[in-house]
Structure formats: structure tokens, C-alpha cells
């Protein structure tokens, strides 16, 4: 026989009140390799008193059984917030917010009145976003399957001897039920506005306290003149800055933080879950070793709040469309991207600008000056005689200011000759006279006949067209008036034909002393005499 005492020593079993005996036939090796699945002390005799050790042993076994069952059911019933939002566990904050943005619109009760489960789905999506959008809550959820706020609700006691552990006051695991601190409807209104889905609601949501809590980017609209000359513009942005009430101390004014009572000021805690022991950063002080008994009511003990501020953004002169500048706002950085409107007059090419300058036919032939609008001031442009259309004239240094370099760009002016569409009788007569004197005309001119000697003369119907360049399809009355006028002009042209020939012969004989212009002036004088 193996004594009960030796058997208990080998198996590390308690000796007190042990009355069990084992047969020597059983192999000692088998006894050492197979431990009884359940050991219970021999009950006391009827009417006998139960010892304190027996009571503690029975209670401990009961607690272990309850702990296994409840802890397993808690894990099985825990919600997978990543699956709720349809994102991966390594998804960044932008992907999480985008997923919530789409699902919130999809499952909102106002847009799914026929779906009885829409309200429940909308609540689940809001719960998942509230936890995963907060870095601290997400870290705690990934580690423990719940957050500190919910663990605090479970009461003191539990693993490691610290309150708020994964087990309740009796050492039993409790199933975590989410308790949102933000109304899902309020969160939805912050995103989409009141009563409608705005096109820019997602941008507003990013600047709200339910988004990232920080105005990281801002798009500013500018006119061309504002971008060219520079301007200071005031904008309202949401920034995360030091709490004005507690000045960043996280405590109510007049109070101070004390040593963390959960980690004893070490910043770490030890959590025991069955046979496993884990040492990690304290969940209550986050490694700061301090415990805030009276947290600030304004910032809820975070030391920072989302504040609406009016910020003056200095727009540099010459800024281009799509450029981004960085500026400091409190303790954070604000990135401002500029969106410059197109100008109806200026065409921009970097620091250079291009404009069109219309000039008359006389200015193009004889030369002159024209006033053009510049970027910063008007400029007088000199037109040389014989300037052709689409000629490009450069005004050096009159363009836009270079943002990242010294100096200015150039202003290029493109000449546009405006041909008159309506001519008076005198203007048409002058042009016909000039056409007769023109010698290098490519092709033919309407209303001009070619002589044998190479000269040109106006035909009978050359001047019959009205000064407003009326088309050929006229009414009967206008046609009759044009016919009578054409007959009169034909007789006048015949009477002047001999005079034209004589004038041309005199010009040729004089060797061009007065130039072709002399014959041209005589022609004009004869037409108006």
C-alpha cells in the first residue's frame, strides 16, 4: 500500500482531512502520470462541522468552473467591430471613417423606413466607429476586447489584484456590453447636416470633434487678382489645442493628480488569466504613473479640446492653383491648399501671363500705341507700322511674382487686328481707291476689274453694297434702290475713267516724284469733288 501522505506529496495535493487510500496494485508511474480529474475531500460525518478549509476549497472550485464558462461565453459574444465596418484590423483612420461614412448613410432609419433592422444596424455601426476612431479605445479593444471605460463599470477586483480587470468583483468574467457616449443621431447630423445630405459633408465631418478632431487640411478659393497680388484671408477652423480651463493639467482647477493606485506609480500592471501572466502598460494612467481623481469637466481629463478659431491665412503673391502652404495654428499644423479661379482676360503659364490686344486696321498699317491691362498696372504698348495680326510682344518683368524665386515673369501681348464689318460710303471709297493702287495683290479683289496694262479699276457694282455689308438676299424695295444707285455710280465712273488714266500717266512720267501716294490723293480728291 502507498500511504495517502506520500501520494499527496507526490501529486501536490492537500493533506488535511484526507481519508483516501490507494491500492499497491496500481503502478506508481501511472499514478504520477495521470492526475485525477477531480479531487474532493471526504465529507464529514453526519452532524459534524465543515472545516473552513473545506469551504474555501469548494468555493474556489465553483469559481473556477464559473470563470471558464462565463469567460468563454464573453469571448464568443464579443462584437467584431472591424467586421461591422467591413475593414481590416490594420486599417488606418481614413479607411475607418470612409467605411462609417458609407454605412451610416446606408443604414440610417430615415432612409430605410421599410427595414425593421436598420435602426439596430445603424447603432452597431455607430458603436464600432466610436471605438475604432479613438486611438486609445482601439488599442484597448485590440488588447483586451473592451475599453477602459467599460472595464471601470465592471467594478473593483479581478486579475492581478487590481480593480477593473477582466473579471468582476467575485472573480467571474463579465460579458462586456457597449455603452456609447455619443448619440448616433447627433453623430449622423454632424456628418450630413440637418435634414439633407450635403455634398461637402465629409469635409465638415473631418473637421468636427467626431472626426480626427484636428483641422489638418483646408481648401481656400481665390480669385485671379487675389492670387496675383496676394491677400490675407480669415477662415474658421477646428483645431485641437490646450484646454483653456485646466491649461493642459487634465485636473479640475485647484486639484492635482496623485499617484496611480492601480499600478502603484510604476506605470505597468500585471494581469493573470489562468496560467498566463502578462505585463503591460497600465490601462488607467497609460504609463504616466499618475491618477486623476477629479478630471477636468471641460476636456474630460484629456488636457486638450477641439476649439473653433479664426485664423488669418497670408496668401503669398503669385500663388498657383493647387499649391499648398503650411502654417502653425496653436500646437498643430494647418495645411492650406489654394484653388484659383480662371481669369477671363489673363491666361497664365507659371509666372508668365498672356493677353490679347485688339487694334484697328489703321493702327496695324500706320502704327500707333494701345493701352493694355497689366497684372499690377496698365501698360502702354507701342505698335510699329505694318504690324501683322497674332504678333506677340513681350513686356519683360511685367508678369506674376515668382513664389519660390526672385523677380517676376513676363507679360506677352498677342496683337489682334479687328477688321471692320460695317463701312461708311467714304471709308469704302477710300479702300477702293487704295485697292486700285495696290500692285502686289495676291488673287483678285471683289468689285475690282483688271486692265490690260495690269492696273485695276472699280466695276459698276463695286460701291452699290450698303455700308452695313447687307447680304445679297434683299427685299424687292432694297434691290430697286440699289439698282438705281448702281446706275448713277456707273455713269460717274465712266466720266472719271479718262481722268484716272491721265493721272496715272502723269505719275509715271514724273518718275514717282510724289510717289504712288500722289495719285492716291488725287483719286480721293476727285471722288469728293
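Backbone N, Cα and C atoms are what each Cβ position is placed from, and that goes for glycine too.
Feature annotation from Swiss-Prot assigns transit peptide to 1-22; the stated evidence is sequence analysis.
If you look up Swiss-Prot, you'll see 35 marked as omega-N-methylarginine.
According to Swiss-Prot, the domain 'J' annotation covers 80-145. Each residue in the domain 'J' (80-145) gets a DSSP state, and the totals come to 45 helix, 0 strand, 21 coil.
Sequence annotations record features per position, and here Swiss-Prot assigns zinc finger to 230-308 based on sequence analysis.
Among residues of the same chain six or more beyond the repeat 'CXXCXGXG motif' (243-250), those with a C-beta under 8 A of the stretch's C-beta atoms are 256-257, 292, 295-299, 301-305, 307. Look at Swiss-Prot and you will find 243-250 (among others) tagged as repeat 'CXXCXGXG motif'.
According to Swiss-Prot, the feature repeat 'CXXCXGXG motif' maps to 260-267 (among others).
As annotated by Swiss-Prot, repeat 'CXXCXGXG motif' applies to 282-289 (among others). For the repeat 'CXXCXGXG motif' (282-289), same-chain residues at least 6 beyond its ends with a Cβ under 8 Å from one of its own Cβ atoms are 136, 140, 144, 148, 151, 164, 259-260, 262-263, 265-269.
Here Swiss-Prot flags 296-303 (among others) as repeat 'CXXCXGXG motif'. Outside the repeat 'CXXCXGXG motif' (296-303), and at least 6 residues removed from its termini, the chain residues within Cβ reach (under 8 Å) are 242-246, 248-253.
Per Swiss-Prot, compositional bias 'Basic and acidic residues' is recorded for 497-508.
On the 0 to 100 pLDDT scale, the model's mean across the zinc finger (230-308) is 84.
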